[in-house]
Amino acid sequence: MLRLFTAGESHGKGLVGIIEGMPSNIYIDINEINKDLARRQMGYGRGDRMKIERDKIEILSGIRGGYTIGSPISFLIMNKDHENWKEFMDPILENKEDKMITKPRPGHGDLTGYLKYNFKDIRNVVERSSARETAVRVAAGSLMKQFLKNFDIEAVSHVTAIGSVKIKEAITDTELIKKADESEVRCVEAGTEKKMIDFIEEAKKHGDSVGGVFEIHIKGVPKGLGSYVHWDRKLDAKLSYGLMSVNGVKAVEIGYGFENTTKFGSKAHDEIYYDKKLGYIRTSNSAGGIEGGMSNGEVIVLRCGMKPIPTLYKPLNTVDIITKEPALATVERSDTCAVPAASIVGEMVALSIIAEEFIRKFGGDSLEEISKRWKDYI
């Protein structure tokens, strides 16, 4: 079974990832991983941290001569900003208290994490709960992406809304969506990008933040990933679980999930046809490529709603955990909008889950073994 473990703090020395269960003989291009890490750092409305970090992956084990060798893959992403935090983030020595946090931010895990783990300093919560951890998940997802390319599976993502500014029409053309990286907000609809940027600027002017919606399309997924036999093996459940774990994501929709609730059943489901060359086909995709907890061969369409970032330069009311007196929430360096970056994270998380289910379905110790089983199946 494919598993990912991550470790590291936002301003610690670095972030560590360990992938267990990756088959052998998969060619891995480090440059492609670094490109995806750079994609995560893009986007209009990002904070000053992105001017410091230039994320690069360092492989520690599990890959030799450019190919996976079947053993756990471990890797490291260094935090350049750690140089500015050495006195406050030393693992062994006593740390200076200058960066101590006592005023929890509404919308973050600050207060609950502080209470749960019985800390004296909210900094301990902030460092691990930070979205900085998603750099590891992007690197891992990029590795999975290269594995899935061997089976013609690919994912694309784009931003469909920033705040109240939305694209006018649904976009299903994956080739068009591939151009999202050319946009500062990863929006491919002409005319809407400028409105999104203006919306972000308005929020920034008032010390506020904005959320939005991004969409992921996964193409080439064979029929039958996931299962209906147990609740925890359903593909839609696993994808929702993974995407909801991305920092800031508060809603996940598959296909036209919410829209279908307003329709009659006769208009909400994808009728089945048979083609002598293609086999069973659909002429619509309301289900978003998943029925009964299993992929049905159509493009998997996922939509994620991201809340506005809770760290505000015009902070909200809170309570100081030391004095118990009213206070304004701590202000940490932050983004005004991270929806474009979150779309990259979501894309990689979704690919990781598809890779896990693909290996579960066609399992083997080597790429060749899996390829043979895949070819026999399709």
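Using N, Cα and C of the backbone, Cβ positions are placed for all residues, glycine too.
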Worksheet item: Per TrEMBL, which one of Arg233, Arg282, Arg333 shares the FMN site with Arg128, Ser129, Ser130, Asn247, Gly248, Gly292, Lys307, Pro308, Ile309, Pro310, Thr311?
Response: Arg333
Practice prompt. Pop the Cα-Cα gap between Arg40 (NADP(+) binding site) and Ile309 (FMN binding site) into the table, whole Å please.
Written response: 16
Discussion item. Given a 10 Å Cβ-Cβ cut-off, pick out the one of the binding-site residues Ser130, Thr311 that has the most other Cβ atoms nearby.
Written reply: Thr311
Response to the item:
Under a three-state DSSP reduction, the secondary structure at Arg46 (NADP(+) binding site) is coil
Practice prompt. Using only the Cα atoms of Arg128, Ser129, Ser130, Asn247, Gly248, Gly292, Lys307, Pro308, Ile309, Pro310, Thr311, Arg333, which the record gives as binding FMN, return the largest interatomic distance in Å, rounded to a whole number.
Written response: 44
Response to the item:
Cα of Lys307 (FMN binding site) to Cα of Arg46 (NADP(+) binding site), in Å and rounded, measures 15
Worksheet, complete the sentence: One should report the C-alpha separation between Arg40 (NADP(+) binding site) and Ser130 (FMN binding site), rounded to whole angstrom, as 15
Practice prompt. Using a 10 Å cut-off, grab the number of neighbouring Cβ atoms around the Cβ of Ile309 (FMN binding site), all chains included.
Written response: 25
